[in-house]
Number of protein chains: 6
Amino acid sequence: MRFDEAYSGNVFIKSHPNFEESKAVLYGMPMDWTVSYRPGSRFGPARIREVSIGLEEYSAYLDRELDDVKYFDAGDIPLPFGNPQRSLDIIEDFVDKVLAEDKFPLGMGGEHLVSWPVMKAVYKKYPDLAIIHMDAHTDLREEYEGEPLSHSTPIRKIADLIGPSNVYSFGIRSGMKEEFDWAKRVGMHISKFDVHQPLKEILPKLAGRPVYVTIDIDVLDPAHAPGTGTVDAGGITSRELLASIHEIARSDVKVVGADLVEVAPVYDNSEQTANTASKLIREMLLGWVK
Amino acid sequence: MRFDEAYSGNVFIKSHPNFEESKAVLYGMPMDWTVSYRPGSRFGPARIREVSIGLEEYSAYLDRELDDVKYFDAGDIPLPFGNPQRSLDIIEDFVDKVLAEDKFPLGMGGEHLVSWPVMKAVYKKYPDLAIIHMDAHTDLREEYEGEPLSHSTPIRKIADLIGPSNVYSFGIRSGMKEEFDWAKRVGMHISKFDVHQPLKEILPKLAGRPVYVTIDIDVLDPAHAPGTGTVDAGGITSRELLASIHEIARSDVKVVGADLVEVAPVYDNSEQTANTASKLIREMLLGWVK
Amino acid sequence: MRFDEAYSGNVFIKSHPNFEESKAVLYGMPMDWTVSYRPGSRFGPARIREVSIGLEEYSAYLDRELDDVKYFDAGDIPLPFGNPQRSLDIIEDFVDKVLAEDKFPLGMGGEHLVSWPVMKAVYKKYPDLAIIHMDAHTDLREEYEGEPLSHSTPIRKIADLIGPSNVYSFGIRSGMKEEFDWAKRVGMHISKFDVHQPLKEILPKLAGRPVYVTIDIDVLDPAHAPGTGTVDAGGITSRELLASIHEIARSDVKVVGADLVEVAPVYDNSEQTANTASKLIREMLLGWVK
Amino acid sequence: MRFDEAYSGNVFIKSHPNFEESKAVLYGMPMDWTVSYRPGSRFGPARIREVSIGLEEYSAYLDRELDDVKYFDAGDIPLPFGNPQRSLDIIEDFVDKVLAEDKFPLGMGGEHLVSWPVMKAVYKKYPDLAIIHMDAHTDLREEYEGEPLSHSTPIRKIADLIGPSNVYSFGIRSGMKEEFDWAKRVGMHISKFDVHQPLKEILPKLAGRPVYVTIDIDVLDPAHAPGTGTVDAGGITSRELLASIHEIARSDVKVVGADLVEVAPVYDNSEQTANTASKLIREMLLGWVK
Amino acid sequence: MRFDEAYSGNVFIKSHPNFEESKAVLYGMPMDWTVSYRPGSRFGPARIREVSIGLEEYSAYLDRELDDVKYFDAGDIPLPFGNPQRSLDIIEDFVDKVLAEDKFPLGMGGEHLVSWPVMKAVYKKYPDLAIIHMDAHTDLREEYEGEPLSHSTPIRKIADLIGPSNVYSFGIRSGMKEEFDWAKRVGMHISKFDVHQPLKEILPKLAGRPVYVTIDIDVLDPAHAPGTGTVDAGGITSRELLASIHEIARSDVKVVGADLVEVAPVYDNSEQTANTASKLIREMLLGWVK
Amino acid sequence: MRFDEAYSGNVFIKSHPNFEESKAVLYGMPMDWTVSYRPGSRFGPARIREVSIGLEEYSAYLDRELDDVKYFDAGDIPLPFGNPQRSLDIIEDFVDKVLAEDKFPLGMGGEHLVSWPVMKAVYKKYPDLAIIHMDAHTDLREEYEGEPLSHSTPIRKIADLIGPSNVYSFGIRSGMKEEFDWAKRVGMHISKFDVHQPLKEILPKLAGRPVYVTIDIDVLDPAHAPGTGTVDAGGITSRELLASIHEIARSDVKVVGADLVEVAPVYDNSEQTANTASKLIREMLLGWVK
Ligand SMILES: [Mn+2]
Ligand SMILES: [Mn+2]
Ligand SMILES: [Mn+2]
Ligand SMILES: [Mn+2]
Ligand SMILES: [Mn+2]
Ligand SMILES: [Mn+2]
Ligand SMILES: [Mn+2]
Ligand SMILES: [Mn+2]
Ligand SMILES: [Mn+2]
Ligand SMILES: [Mn+2]
Ligand SMILES: [Mn+2]
Ligand SMILES: [Mn+2]
């Protein structure tokens with residue numbers, strides 16, 4: 001007596017009802033308690049699912065349909081409000097299980113700090129892991145006003161764990177001078193302002209390696225993603241971001257997990273940000289889950 | 001590997017996973033294609049579920065908890081866009097099945113026309129049915145600009161079917177002169193402007209009878225429900241509507257089905273209308289499903 | 001080849017196409033350049049017309065239909081942006097002409113200062129004029145930061161012209177101490193907080209007199225009229241305002257002109273304020289134009 | 001006593017008061033009852049007119065003024081809510097009359113299905129008609145969930161009527177695999193993603209032919225047109241769309257009619273979409289009506 | 001060369017530039033990291049200050065002017081994002097200092113948890129302290145999903161500290177059954193639904209005692225305060241809340257501190273909630289600081 | 001006892017507390033009374049300051065930090081509502097004083113007319129002044145509907161004062177034919193549509209000259225700046241505007257003052273326009289104040 005869930009907006013469109021048979025697992029990480037500016041990304045994953053019913057099931061870019069890849073939508077991980085550490089532990093735990101079943105973890109944020117435990121979990125499985133990071137911000141702080149758990153720190157944390165030379169940031173247009181200096185000093189790659197062109201140059205160097213891709217929706221210009229916590233002018237278009245996803249799909253890297261974070265619906269009455277995010281998730285699924 | 005659905009916002013909070021064991025069935029009727037003014041109520045049911053996670057599970061009014069009543073949330077009935085007749089047939093079919101299983105149908109609209117097939121179905125089961133109708137509008141038109149299927153006609157249709165003297169409207173503040181005249185002529189009850197006080201007087205007359213209650217959210221003043229298609233100043237407060245629901249709960253009528261319609265989230269950025277609707281649904285469940 | 005304008009939203013619903021045959025003339029005064037807080041009321045009149053298509057043509061309060069009173073909608077008076085004095089002169093000119101034709105002037109603002117030239121014009125015709133003023137604010141300032149032309153001054157100006165004892169304010173909840181003191185000193189009537197009850201007491205004293213009624217939409221509580229420049233908590237309900245309009249309709253005063261001002265649509269995405277204003281205009285037409 | 005309508009926002013700015021003397025006829029088709037996602041485009045035409053008062057009357061692109069072309073604004077065609085077939089018949093009828101008077105029909109939607117009866121009417125007059133279609137979506141479905149009358153079908157319907165090889169789609173980025181396959185199979189032209197460049201290549205082939213241009217505002221990226229039913233990331237800029245309109249204006253095709261559809265104001269509080277649409281209408285008038 | 005700050009919106013209107021000479025200290029507590037539903041109240045205090053420029057400086061209720069009471073606006077206390085415990089400690093520290101200078105602490109939230117350290121600090125100074133709490137919610141939880149620091153716990157914490165019989169809650173309409181049961185069992189006072197009437201009855205019992213008043217803006221009906229995290233239908237009007245503040249002002253209790261919390265501007269595009277809050281702050285200043 | 005103002009949102013982030021020691025003075029000109037379309041820019045400067053707390057203090061474009069340039073934020077100049085002439089006089093007076101102290105005036109509007117008295121003041125100090133003007137609109141009218149003080153006239157006024165050949169407009173896409181003709185006739189430079197490329201060509205010609213730069217935010221496409229009075233499709237990206245600011249910074253002109261005008265927050269719920277404006281202000285400070 002329950003209507004077909006695949007088109008209900010309760011799960012991402014066409015998601016598979018069965019975990020075991022699925023190749024990828026979609027999950028939400030509804031946490032926004034460490035953000036320094038505008039909160040609200042806790043509601044991102046639910047809204048992305050809801051608007052996914054407006055998507056076509058076919059990608060005219062990749063000539064592939066959602067029927068071609070089985071993915072399970074696990075829903076939003078219940079997280080304890082206001083407790084960053086416990087939240088991160090719960091996320092890591094969940095991703096450990098997803099990886100143990102050899103499934104592709106595809107996460108939706110939530111603030112960017114949620115990527116930290118995910119990347120940690122992925123690194124445990126893939127010791128030669130590289131990170132591709134698309135963002136307006138460096139996210140390389142060690143702490144924010146005394147707090148080591150902050151949405152401005154996840155890339156620093158993973159760089160410290162896997163070595164800065166394995167981390168590649170793209171589209172960066174904001175950060176502290178200290179962050180840029182640190183990156184240069186320790187040999188971490190940062191492409192300022194652009195994503196597609198520098199990515200094209202970097203990808204061959206990563207050929208054959210397992211790669212985790214973390215996309216902060218604010219890498220898009222505010223025109224294309226007003227619904228996020230920290231909008232920052234001068235970003236890329238959704239067209240460039242789509243092209244970048246397709247570039248990775250066509251490359252020789254092996255994407256082993258990914259996320260899309262920082263969608264905060266309340267700042268976007270038109271819901272274009274959530275709609276764009278749902279299209280990006282579709283392209284990530286169709287392009288990266290093989 | 002799926003997180004507990006009861007608190008996900010995908011189903012109404014704490015709804016029971018099992019249809020068979022449930023006493024009531026909650027379902028959405030996401031149709032808004034015949035409205036004469038502002039569309040958007042197709043998204044009402046989904047938003048009501050989503051915000052229901054902000055509800056307490058206990059009613060301080062009725063001293064009863066959601067755990068005390070088992071209800072199944074069937075989701076939104078898939079309806080063919082732009083085809084009123086087929087949509088109404090599908091709704092009637094569904095409610096027939098719910099009633100055949102002796103479960104309490106609790107519908108969420110969608111435009112008010114969706115109540116028509118539901119009331120028809122309920123009437124088939126309960127021939128001595130009475131209707132309690134709360135609305136800003138008479139909804140007694142025979143047609144709207146030539147269309148007999150219009151959101152301004154459901155009460156006329158049910159009155160024609162079960163006899164106007166079995167229909168009781170409350171809170172009415174808008175309609176054509178012809179509608180008020182017709183009601184008077186045929187002996188249908190209309191209480192203008194108020195709901196609670198006249199309801200108190202009418203309920204004893206309906207003691208023991210099966211009653212279907214249809215609530216158009218626009219019976220509330222626009223201050224309390226800006227998120228609806230046709231806002232109309234001079235309405236009642238949410239406090240009066242809550243008191244009216246409780247009055248019915250305490251009365252000797254036997255509520256055999258109910259609905260809450262015309263919630264159109266896009267006109268209410270604060271989401272107070274959907275939040276209020278979710279509280280009303282909780283009180284209807286706790287007060288009327290016995 | 002032009003579709004029926006009466007239901008187009010370009011004119012107030014059902015307005016009569018012919019000026020000469022009409023008893024009342026509806027007109028907009030799209031000026032907001034002297035407001036001290038939030039501008040935007042220049043768009044009030046157009047939006048009130050636009051949403052009037054959602055109105056019923058019949059008043060269930062007054063048992064009268066729009067067909068029973070002929071009114072012409074002259075549109076918005078073109079006013080020179082940023083020039084208060086010239087704007088006021090143009091308004092006065094226009095209203096002089098309306099009154100010369102013995103028609104009932106029904107104005108829509110725009111900021112409250114637009115009422116000043118209208119009241120002046122009406123006073124020229126009716127030397128024994130009384131003013132009924134409903135507002136959250138006293139509007140009795142002589143100037144605002146040095147400017148004698150300000151939306152906070154119209155009631156002071158008319159009081160100075162026709163004598164303070166002929167001015168009756170209702171619903172007032174904000175003003176400078178000096179304004180309240182001045183009113184008391186010069187014998188002007190101010191009813192604080194309430195409208196309907198004090199109006200009931202005052203109306204008999206005004207029996208037989210020509211009365212101009214000026215309603216600032218902010219007399220309503222912000223809950224009922226969020227779309228205005230200066231929202232002020234603690235106001236009356238739309239229900240009380242409707243009752244007050246009806247009270248005047250039933251009284252023995254002779255309403256010779258009226259206005260509804262300060263509707264600023266941009267602060268109300270739900271458009272409840274404009275919808276409420278359009279209902280108020282309908283009731284003013286049906287109740288006061290005889 | 002009515003103020004100059006040309007700047008009132010009730011008609012498109014500077015529209016001519018006289019039908020007979022006009023070369024073009026502007027009209028609204030306020031229908032949105034078959035849309036599968038977000039309704040609201042019924043209010044598009046009225047809002048486009050309203051904001052047109054913010055337009056300059058001169059095009060700095062075409063060096064032409066609105067005074068150089070006479071157009072009549074007929075207003076919105078009254079359509080029966082919720083009845084697609086009757087609505088389409090009424091539209092076809094109206095356009096038949098416009099064409100019989102040898103005037104250029106310039107329509108504003110409403111959902112895209114309204115273009116179907118218009119194109120049918122134009123085809124009756126111009127049997128060698130070609131269609132230029134700009135859209136994010138193929139709109140080539142035969143039906144949507146069982147309904148042959150759907151906003152996702154108009155291009156298929158016209159292709160079936162005039163032959164697929166006479167239909168040219170541009171900017172397409174979404175559709176079912178079956179739609180793209182069908183187009184390829186039957187020889188219909190689809191340019192994916194881009195508009196201006198492929199248009200430049202196609203236009204010479206259409207030289208001398210009568211062409212109807214139908215523009216779905218969602219061909220624009222959501223950044224440029226958030227106010228539409230189905231936003232879809234990765235679209236073109238308003239600058240490219242303007243250039244495309246100008247490209248057609250400079251070409252040797254004979255534009256015999258056109259429309260701009262799917263503007264849904266409620267999803268865009270900034271009203272940029274309606275403002276952009278009004279500029280597009282101005283450029284279409286100045287560039288295509290000769 | 002800096003313009004007069006008193007009317008800048010950077011400080012609460014007319015606040016005194018000098019801390020030492022002031023009787024009261026206004027301060028913001030911009031924390032929202034433990035909320036279980038919609039975040040955003042961190043921006044409440046700044047917005048309340050900003051809109052305070054729209055206030056009259058005179059209270060027509062209390063016949064007192066802002067010039068009659070000197071208050072210093074300290075600004076927002078800088079708090080570490082995402083760290084509840086450190087945030088609470090910083091708040092307590094600050095209030096300790098305010099109290100040490102014998103000034104009246106008037107706080108603006110932020111989520112309700114910020115009241116906990118304030119009340120603790122006040123209790124250290126006034127051991128016979130009583131609490132008056134106005135809220136839609138009991139806020140008596142011991143923890144929320146395992147977290148003892150949650151916006152649903154502050155009243156429980158203070159009740160545990162000063163004894164439940166010293167805590168008086170008003171307007172409560174939501175909570176867990178366990179919370180209501182606990183209150184009854186331990187002798188804490190809860191008035192359900194209403195505020196003014198029960199307050200009138202309780203105040204004489206508190207005569208002469210030092211009282212801290214904590215107001216959660218959601219005690220207002222969502223119609224009057226849509227801009228808050230957890231809207232809950234069936235609340236009181238702003239008029240009743242104003243009357244309640246005035247009732248306390250006229251009573252024989254000695255208000256020794258107060259706060260107004262949970263204003264979340266992003267959910268209220270009309271800014272009525274912030275405007276109402278600023279009026280409430282004015283009345284609290286004029287009524288309670290003696 | 002006042003918290004550090006530099007991060008409060010009351011002043012632009014990191015602004016210096018001391019006027020005398022500062023090189024630049026930031027000030028708001030909160031006037032919008034002559035605008036012909038949508039008002040609201042009076043609230044622009046305050047909102048730009050408020051959101052500046054979301055900015056990084058370092059520019060990844062210019063490799064310079066806000067600590068490297070001392071600027072004082074004077075707040076908003078108090079202006080008399082509805083009196084353009086007095087407002088302009090007050091602005092001119094203020095800027096005279098800033099210039100007398102040899103500080104760089106950096107203004108925030110407000111409507112574009114506020115630039116007129118500023119440019120006049122700057123011209124008094126720098127008789128060989130050139131103007132760089134970025135805007136969607138020519139702003140070359142002599143009057144608007146009879147009013148010589150209008151937001152559509154400032155560039156004409158300054159051109160008349162300093163000679164049209166000293167005025168360089170960029171990005172222009174709207175205006176009257178007469179304005180473009182006048183510019184051509186009198187030898188004023190207008191670059192249509194683009195900014196960066198033509199600026200690159202013009203800058204060498206201005207080498208060594210004192211230049212005032214006035215930026216109307218509507219030079220940006222509405223996608224990048226929906227929050228402005230007159231949105232006009234077909235504009236430049238924020239990326240191009242940033243590049244243009246940097247181009248000027250690297251050039252040999254001597255920027256002696258600048259402004260950014262027409263930010264109207266109410267039309268942009270996402271606040272992307274104010275956020276973008278605050279980033280632009282940072283880049284203007286870091287790039288032009290030497
Ligand atoms: Mn990030
Ligand atoms: Mn970021
Ligand atoms: Mn109804
Ligand atoms: Mn209704
Ligand atoms: Mn007033
Ligand atoms: Mn007022
Ligand atoms: Mn289409
Ligand atoms: Mn489309
Ligand atoms: Mn609380
Ligand atoms: Mn609460
Ligand atoms: Mn300008
Ligand atoms: Mn401009």
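For all residues, glycine too, the Cβ spot is worked out from N, Cα and C.
The annotation in TrEMBL ties E:D135, E:H137, E:D139, E:D216, E:D218 to Mn(2+), and of the candidates under consideration, E:H112, E:H189, E:H196, the one tied to the same site is E:H112.
Each of E:H133, E:A136, E:T138, E:H151, E:I155, E:V219, E:T230, E:V261, E:E262 belongs to the same chain as E:H112, E:D135, E:H137, E:D139, E:D216, E:D218, is absent from that list, and has a C-beta within 8 angstroms of the C-beta centroid marking the Mn(2+) site.
Taking E:H112, E:D135, E:H137, E:D139, E:D218 as the candidate binding-site residues, the subset whose CB lies under 6 angstroms from any atom of ligand 7 is empty.
For the binding-site residues E:H112, E:H137, the ranking by surrounding Cβ atoms (within 10 Å, all protein chains) places E:H112 first.
In the three-state DSSP scheme, E:D135 (Mn(2+) binding site) falls into the coil class. Other Cβ atoms within 10 Å of the Cβ of E:D216 (Mn(2+) binding site) number 29 in total over all chains.
A sphere of 10 angstroms centred on the C-beta of E:D139 (Mn(2+) binding site) encloses 28 other C-beta atoms. In the shown protein chains, 27 other C-beta atoms lie within 10 A of the C-beta of E:D135 (Mn(2+) binding site). All chains included, 29 other C-beta atoms sit within 10 angstroms of the C-beta of E:D218 (Mn(2+) binding site).
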